[in-house]
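Quick notes on the structure that follows.
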Amino acid sequence: MIWLTLVFASLLSVAGQLCQKQATCFAAVNKRRKHIVLWLGLALACLGLAMVLWLLVLQNVPVGIAYPMLSLNFVWVTLAAVKLWHEPVSLRHWCGLAFIIGGIVILGSTV
């Protein structure tokens, strides 16, 4: 159950980052303020809930194991950026993500 909580904390943190990015995207001049307030409000909500879940995780998992698992955020954000905003990703970046995933698998297998 706690590992599921960790995954949700990670995904909410990513959602918060994506909402911040969306707040910087173009909006019509007459809707710009609402656009920014909406997306930054969602970002704060996601990041706040992620923090609460993260505190629950830290009560049950050593920080030396739990914190590296948040490196999955790099993977989720990259995949979302490619899908949502068609951002380019270099081969070097993909290789880096593969190393991150490998590291998480190694660390996760020690628990």
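Using N, Cα and C of the backbone, Cβ positions are placed for all residues, glycine too.
The record in Swiss-Prot shows differing topological domain names for LEU11 and VAL57, meaning opposite sides of the membrane. Break the domain 'EamA' (40-109) down by DSSP state and the numbers are 58 helix, 0 strand, 12 coil.
Confidence across the topological domain 'Cytoplasmic' (82-87), taken as the mean pLDDT and rounded to a whole number, stands at 97. Sorting each residue of the topological domain 'Cytoplasmic' (1-35) by its DSSP state yields 29 helix, 0 strand, 6 coil.
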